[in-house]
Each structure stands twice: as C-alpha cells, then as structure tokens.
Amino acid sequence: MSAKAISEQTGKELLYKYICTTSAIQNRFKYARVTPDTDWAHLLQDHPWLLSQSLVVKPDQLIKRRGKLGLVGVNLSLDGVKSWLKPRLGHEATVGKAKGFLKNFLIEPFVPHSQAEEFYVCIYATREGDYVLFHHEGGVDVGDVDAKAQKLLVGVDEKLNTEDIKRHLLVHAPEDKKEVLASFISGLFNFYEDLYFTYLEINPLVVTKDGVYILDLAAKVDATADYICKVKWGDIEFPPPFGREAYPEEAYIADLDAKSGASLKLTLLNPKGRIWTMVAGGGASVVYSDTICDLGGVNELANYGEYSGAPSEQQTYDYAKTILSLMTREKHPEGKILIIGGSIANFTNVAATFKGIVRAIRDYQGPLKEHEVTIFVRRGGPNYQEGLRVMGEVGKTTGIPIHVFGTETHMTAIVGMALGHRPIPNQPPTAAHTANFLLNASGSTSTPAPSRTASFSESRADEVAPAKKAKPAMPQGKSATLFSRHTKAIVWGMQTRAVQGMLDFDYVCSRDEPSVAAMVYPFTGDHKQKFYWGHKEILIPVFKNMADAMKKHPEVDVLINFASLRSAYDSTMETMNYAQIRTIAIIAEGIPEALTRKLIKKADQKGVTIIGPATVGGIKPGCFKIGNTGGMLDNILASKLYRPGSVAYVSRSGGMSNELNNIISRTTDGVYEGVAIGGDRYPGSTFMDHVLRYQDTPGVKMIVVLGEIGGTEEYKICRGIKEGRLTKPVVCWCIGTCATMFSSEVQFGHAGACANQASETAVAKNQALKEAGVFVPRSFDELGEIIQSVYEDLVAKGAIVPAQEVPPPTVPMDYSWARELGLIRKPASFMTSICDERGQELIYAGMPITEVFKEEMGIGGVLGLLWFQRRLPKYSCQFIEMCLMVTADHGPAVSGAHNTIICARAGKDLVSSLTSGLLTIGDRFGGALDAAAKMFSKAFDSGIIPMEFVNKMKKEGKLIMGIGHRVKSINNPDMRVQILKDFVKQHFPATPLLDYALEVEKITTSKKPNLILNVDGFIGVAFVDMLRNCGSFTREEADEYVDIGALNGIFVLGRSMGFIGHYLDQKRLKQGLYRHPWDDISYVLPEHMSM
C-alpha cells in the first residue's frame, strides 16, 4: 500500500528534526515512551524532566478522539502518571467496534494554556494537490472541521507562501498570533512535502507568548517513498490499527515482500477463525473477502492477503507455509476451510506458483488432516491446467479433501461451495487445453480467412439509433480512440516476453504489421532483438536513447513503460517531451503518490492519456494490446479477444480485468475494449475518462465498470447519468464491501483501496450507483448474470446483432513454452547429476547449499558431493582436505610452478599463468598419484606378494609409480607422508592396499634408501583404501573412480592453490620478464653445421 499511518512519537520526532520555521517550537524532543516492559529507573535517567514538570500521558496506538474517550491524563505528577497508567497499561480497551490492549503510551510535559490559544491545522493530499485546513478554535471540541475550517488548495508543484496563508487561512486568527502561525504553517507544509507525508493533523496546536507547542499529532506517510526518504526517515515503523495485534508472521511476509519484485501481503484478522484465504491478485483478494462476508463468514474470516506479480515457487512456498502454520495452531469444532483462489493471471505461471503451495501442503499434511481442513481451489492463467492437475494430485496422495476448479467456474463460486451455499459438482466441466487452441485442430495447414476486425454492431451503428440521444461531448485535448489496427508502440525496458506476446496477439488479430516498432533500454548499446511474427523471424531495433527511437519512428504514438518504480517517473516525464506520444502505459507499482500527481499534471497539460501506474495495461480486441494484458495466447483465444465485441469495460485491477474478459466472453458477444487503470490512489486516467470515451465510441453498446473501495471517482458516473452525458447501459460493481464489516481498518492489496470517509466505502458507492440508474448486482457473484441480462435486452431491441464467428489464424507455439506444458520432448545436449542451480537455492548432489553450511561439511564434504555424488564419512572429508593441503605446493623449482612463474613474469593474466602450470601435470609430474593407485591396486588384486611384484616390475624394466624421491629417504622421511600415515592408521577402518605398499617400500628401500613410498604414492593407495572401505561405495564404484582418473583431480586441485600463490607472489614482487641465462644452457650443435 501507499499511505501508512505512523505513531505520534515518530511523527513528532520527524517534525522536530526537519521542520524549518522562524516560529519558536517549544518542548522539542520532550516525550517519553512507556510500554509494559519499561524500566522506570532507566526512563528517568534518559528523561530527567519527568521529575520536575507537570505531565500529560496518553496512548500512542492510532486511536482517534482520545480526549473524548477519557484516554488522556492531564496535569499529573510522575506518581500521578504511574497511578493513571496502572488500570490501563497492558489492559484491554474498547474503541468503537475495535477491542485491543493498551500497551504503548506517550508522556509529555503539560502545557498550561487557555482555550483561545488552541488552534487546528491539517494538511492532506488529493489528486489535484494538497489541502491545508486551519481553524481558530482547536482542541477536543473542534467538531466538524470540514464544515468549519478555512481551506486552501495548494496545487501540484505550487508553493505555499505566508501571504496566502494569512489571506485565506488565518482570517479569524488573533492578529498578534498571525505572524507566528503563518511562519509555522508555511514550514509545516514544506516539511510535509519534503518527507512525503499524505496526511498531517495537529490538534490542538497551542500558540502562547513563549512559542508554539504541538500537543496532539496524527500522520500518514507515503510508504512507497522509502527509497527517497530513507536517510531522513530512518527505520520507520508502521503500527497496526488499534484492535489488531502486530504478528511476527505479518512482519515475515512484509519482509519477503520487500525483498521480492512480486507482491506478498498478509493481515491477520482473527487467528482463531475457520475460513482462511490464499488469493492471487490485489483485486481478486478483495472480491473473495467480500463474498465470504456477504455469505455470513465475516466473524470466521481469519486473514486477508494476496500474492501477485509472478512470485517464484520458493516465495509461494514460504507464503503458503506461513498461512498453513497459522491455521493449524488451534482446532475448530467444524473443521477449517482454505480458499486458494484467484482471477485469470496475465503473466504469472500458475503451475510454478501452485507447485510452491503443493510443497507446503505436503509438508503440513499431518496437521491439515488433524484440523480437518478442506481446500477449495479456483485459478486460471498461463499453464493453469498443470497447476490444477498437481493440486488435484496432492489431494489424492495426501488424503486431504481438495476441490479444484478452473476458468469454467465463476471466480467466487468456490466460496459458496465452501460455506455450504451451493453444491460441489462431482465433475466440473473442463476447459480446453492450451495446446488445443494453438494447434490447428483440423490438421489443416492453411491459414483461415482473416477474422472480423470490427464488431457487427459497429458497422450498423448508424442504422440502429440509441434509446436516448446523448449530450454532446465536451471539447477535450484527449482523443476518444486510443488504439486502432495501425497503432504502433515503443516499449521501454527489455521485456522480450511481453513484446512477443504483443506480436502473437497482433498476428492472431490479422494485423498487417507488428504493433511494436522499437524498444528503449538505456543499459545496452543500440542493437536488434529477434522475435517471431507467426512462424517467421523478425528483428526489432533496441535503442539506448529515447530520442533516437522517437526520431526514427515518428509513426509511434504509444509508449509502454516497463521501467522500475525508481525509473518510471523520470522515463515517463522524458516521454512527454515528445509530442507524437498520445498514450503512455506505466506498469510499475510503488511510484510515490506525489510523483504520480506531477505526471498527471504534465499529462493533462500535454493532452496525453496515462494508463497506470500499477497496471497490466489494456486491450482492444482485433487492434492492440498493452504488454501482458489478456494473458497468454490460450486465454486470448478462449476469451475471443482476437476480434471486437460490443462491451467495453474499465477496472482498477489487472487480474480482475482478465476475469472480466472471461465473464464478458461467456455472457455476451465479447469485449470491444478494456482498460485496467491501476490500483494506485491517483491513477493517471480515471474511470470517467474511459467511460466517456466508450460513450462517444459507436461500436460500444454497453459499459462495465469494476469499481473499488477508496476515492470518489464512481460518483462522477452517477453525475454523468443524471446530466444526460451517459446514455449507454452501465453495469457497475464496487469491490471492498467487506471493509465496513471489519472492526479495524484493513488496507487491501491496491494502494488506493482504503476508505478515508463514509462516501468512499464500496457499500455507499454501490447504493449511489443503483439510485442513479446503473445496473448494480447484489454481489460480484451475480455480476455475470447482470451483464448477460443487459446484453440480451440490447440484442432483443436490435441494438446489438451478434456476428458470425470466424476462426483466427493459427500461431505457432514457442518451443520453451511447449516444453513447459509437456507437449514436446527433445533429447538434452547435456546431462548433469551433481548440481542444480535452477531453483531458489543451489543444490549439490541433492543437498541444498544451506544444509551444506548448516552441517559444516567443509571443502572435503563438498568434494564428496560434487565428485562422488554422496555424503562421505567425516574422516574421509578430513582426509581429502589433508591431501589438498599437502599437495598445495612443493616450491618454485618443480615444472608446474616454474611454468606459472615464467608466464606471470611475461605479464600474462592469472588464468593463463595457472593453465600453463597445470598443462605440465602428467605421468612425470603429478600424474604418479593416479598411476600409483592403479599399479598397486592391480598387483594387490591379482594376489601376488610384494616381493613378486617388485621382481616383476624389474624384469619388465618398468618403474614402480609412487616409489622414490629425489631428496627424501628412509633416513630423512617426508613429513607430509608421515602426517597422512598417522591420520589414516588412526581413522580408516581398514588399510589393506596401504599395508601392501608399505611392504613394497621395505623391499625397495633395502636396495636404495630414497626408494620410499612418496606423497603421490601414499595418497594414491590410501585413497583406494578409503573408497573401498568407507562403506559409501560398492567395489565396482570404487574401481570406476580410480579408472576414470578421479585421484589426479586431488593433485590438480591442490596444486592449483600453490600455482595461484606463485602468480600472486611474482606480481607482488614486481618481477620482470624472465630470460634464462646462457651459462645454464649447453649449446650442442651438429659439427658439420658449425664448420
């Protein structure tokens, strides 16, 4: 959400820190917070003024009218404060319908003053600007300030000066206080703007001869401005409204939400409740809550929440397990219900999100059965059939009753089923599979005739006169038609999937040319990106600079802005500098409201229509679609969005607009145009902007509006009907009717979905619309029926003549999507069995990386997983690590190190120098480790005794690999071998091959003392013993690892550490190019050549 309430303490702290005014503000930072855990001795140490001044104490928990409720203790000593707090601190209180515990109080100095010194000041944001209210009589009895107070609107980008304040606001203020008040209000307004407040009320503001005192303060800030105000705000806290506790689970989901590009929301209403929801989509989540409350479930509704914006499988798992954990804590005598609902997704892969939920259900199957939980599922969107299949499957395998429905079932029908108001069908009708839409069912390869590109009703627009003649449209700068079959757009952002979706839509609508002319992406140079137009490959240019894109594509008049919330404002402002652009869609959610208002102001000046922010966009069947609107091609075809119908709609929610596509296609001849204006408080274009366009468009015969709690935009529709400006039938339903039934305020998924006054509630708006003559259903459940009855009435009157359906062209399916749907298979070019990086976390041979660290497996354990695909015993891991340590380096003289040093001194980079050293490893250097293992294993396994083996090798004239050392001998042992031998003898369960090799060593050293078992030989034979005897491998597996050269890997990996060390050493010593000295080279030339 956007506007969030902050505590009085936070508001005052920010104000005292950052307000800039000539008025003398008294008692700065003089406040002390008291909670049930407060240590009074410590509090007095921090705030010594508590002992010397008269005090005021009050709860700081977003409670309005505390004075009237007797929740303010005035003019008390410290002991008096303690006595006053005793029956209140930590005790339950009732405020209106809300019950909650009082556990956060504020103590401040008492300010003696007269009633004449109390004033009221309030600043709040609206679409047009910020209203400043002032009343010369403040305090608890201020009454209806809207009616009494002086009011001044400060427009967007305008400044408030002291002269305006005196002239418009301080009309009735005492003359001697006007200067002080004007300076304070001016500073307060600048502070309010700079720190992105949306509401700031001080009542009373006391002005005495000593200065200004801020007694009581209430405030809201725009939480989305955190990235701008972080330095000044610090770690700001947003307390829950009174009557609702702050739960750690809510904080956990809020933290997940903050770290994700997706949206994840959770509000606990009644943790003991029977009905729980897990709904996809900001709009759909409100509709489900409405329906539950309408059907009598308000007291049993446990939570409000939503997930949207394509969360990953892991994020959905984390969200789902949080809800399942909460709902399986307390039993309910009637069992519990979980509603996993959602509208038809535009771009979220339903199967991926459902797999996360399925994982959570499997993890909690025991508690779910114990608590007698029944689950109802309804969803649509990309790959929804697979999602529903896995959901149904988990019900069968776990024994949990799970009822699964798709787009063939009305979105909220499952609520009626869950609450026993409608029967649960045994076999719901199944929708056609994705593939059935995209693959030509007849088998014919010919492209069908072009589909119709105008509704039949549009071609007869002049023949059938409307029932009433509409008043002429007011002259406007903005066009009634935003999109046509020839509309061209630029897409800001590297959104290849959305662009391909637009091109597929264009193709299936039989457009002559693609609707995307170019893309703008500032983070790469100019280039071309490959896309498909039907089965053909085409190139679309990508520009670094917007100016270049505009210059080269003057035919473009639409920009689709996929910039992030941080970049969306600047990129949209830049776009509006180009007169050719008439429509801009802003997809990003979370743009601060103050910045959105600046965009709206500039757009109005330029005559530009903005759709969004926080939207999926809009669609005009047969002509143009914005980004991901309408979902994937299967939904476009199922909802008949490839040709126009007669019904135009406007909604706030992107997901609900897709649901409207589905409802309208099932109950009428289809959609003519649909726009989702976005969920923010100040959408760029309003309901009425689009409703008036539809009124002036001959092809539109009826209008559907899906309104929402918050704002007053829907009342303009009532006014339009009364004034005769709107004459076409309008069907409207405002979602959010459940809000009036909750005891405490709930912020819904959309930033603008919050009623600040009675007229903004969904119930009030639905009533007013009905009285104005709009067709209003009794609930969202009946919306489809009302639309159908209005449509059938228009058909009966002849205003709409349904046209004959023409099949659309067949569009080839993307390979990657066909594979995801399981429609095709192809042999993979590569196979791997050791590592998987595709999920939420890295997996080594089946073990998540978090487990690797939790178990403290170390380098040896990781090698066990990556090299041998299994967990090795601890001593084996330690042995591997010891081998790496002892093989790490053997000085600069050996061939590998020598090569590395020469390369480093020749100025080569790290990788080149390292590889030059590694390339020397072979039979003569390092490779003895592998060869020794094979040679000793063969001898031992053949059953010949050590003496026989030595004699055999001597007779064949072969060296025994792993025996012998240039420097070390039986009298000067190699300490590396000694360390390894001690460890192996102490920890290995058996060492038959090592014992054999040591017997061989006795024979060889009796002939020559330096023919010892060297470090290569020791590691080789000991490693074979480890593989054969640790219990983790079969004999065949152990032999295979020796045969494929796994042991050489130990030397290569270990020695790489030393080679890198030599490289860094040479660079650090700044050694120059190496040239070998002549006196160390013996020049032996052929004699006949030297003559």
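Yeah, the Cβs are placed from backbone N, Cα and C, and that goes for glycine too.
Lifted from Swiss-Prot, the feature list:
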ACT_SITE  HIS750  active site, tele-phosphohistidine intermediate
BINDING   LYS58, ARG66, GLY67, PRO109, VAL111, GLU118, ASP216  ATP binding site
BINDING   ASP257, SER260, ALA262  Mg(2+) binding site
BINDING   GLY309, ASN346, THR348, TYR364, ARG379  citrate binding site
BINDING   LEU769, LYS770, GLU771, ALA772, GLY773, VAL774, PHE775, VAL776, PRO777, ARG778, SER779  CoA binding site
COMPBIAS  442-457  compositional bias 'Low complexity'
CROSSLNK  LYS530  ubiquitin cross-link
CROSSLNK  LYS536  ubiquitin cross-link
CROSSLNK  LYS544  ubiquitin cross-link
DOMAIN    4-265  domain 'ATP-grasp'
MOD_RES   SER263  phosphoserine
MOD_RES   SER455  phosphoserine
MOD_RES   SER459  phosphoserine
MOD_RES   LYS530  N6-acetyllysine
MOD_RES   LYS536  N6-acetyllysine
MOD_RES   LYS544  N6-acetyllysine
MOD_RES   THR629  phosphothreonine
MOD_RES   SER653  phosphoserine
MOD_RES   LYS958  N6-acetyllysine
MOD_RES   LYS968  N6-acetyllysine
MOD_RES   LYS1067  N6-acetyllysine
MOD_RES   SER1090  phosphoserine
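Everything Swiss-Prot records as a feature, shown here on the structure.
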residue : record               : Cβ neighbours (10 Å)
VAL111  : ATP binding site     : 19
ASP257  : Mg(2+) binding site  : 18
ALA262  : Mg(2+) binding site  : 18
LYS536  : ubiquitin cross-link : 9
THR629  : phosphothreonine     : 31
SER653  : phosphoserine        : 31
PHE775  : CoA binding site     : 20
SER779  : CoA binding site     : 18
LYS958  : N6-acetyllysine      : 10
LYS968  : N6-acetyllysine      : 18
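Of the listed recorded positions ARG379, LYS530, LYS544, LYS1067, the Cβ environment within 10 Å is emptiest of other Cβ atoms at LYS530.
Summarising the environment of GLU118 (ATP binding site), the number of other Cβ atoms within 10 Å of its Cβ, over all protein chains shown, is 22. When the alpha carbons of ARG66 (ATP binding site) and ALA262 (Mg(2+) binding site) are compared, the span between them is 39 angstrom.
In terms of local Cβ density within 10 Å, ASP216 ranks first among the binding-site residues ASP216, GLU771. DSSP assigns SER263 (phosphoserine) to a strand in the three-state reduction.
It is 68 Å from the Cα atom of LYS1067 (N6-acetyllysine) to that of PRO109 (ATP binding site).
The domain 'ATP-grasp' (4-265) scores a mean pLDDT of 94 in the predicted structure. If you compare Cα positions, LYS536 (ubiquitin cross-link) sits closest to ALA262 out of the binding-site residues LYS58, ALA262, PRO777. Cβ atoms within 8 Å of the centroid of the Cβ atoms of ASP257, SER260, ALA262 (the Mg(2+) site) belong to the same-chain residues LEU256, ALA258, LYS259, GLY261, SER263, LEU264, TYR307, GLY309, PRO311, GLN315, site residues excluded. The DSSP secondary structure for GLU118 (ATP binding site) is strand. Among the binding-site residues VAL111, ASP216, ASP257, GLY309, SER779, the ones whose Cα sits within 10 Å of the Cα of SER263 (phosphoserine) are ASP257, GLY309. Cα-Cα distance from PRO777 (CoA binding site) to ASN346 (citrate binding site): 26 Å (rounded to the nearest whole number). Using a 10 Å radius centred on the Cβ of GLY773 (CoA binding site) and all shown protein chains, the other Cβ atoms total 13. Here the candidates are the recorded positions GLU118, ASP257, SER653, PHE775, SER779. The one whose C-alpha lies nearest to that of TYR364 (citrate binding site) is ASP257. Counting neighbouring Cβ atoms within 10 Å of each of the recorded positions (SER263, ASN346, THR348), the lowest count belongs to SER263.
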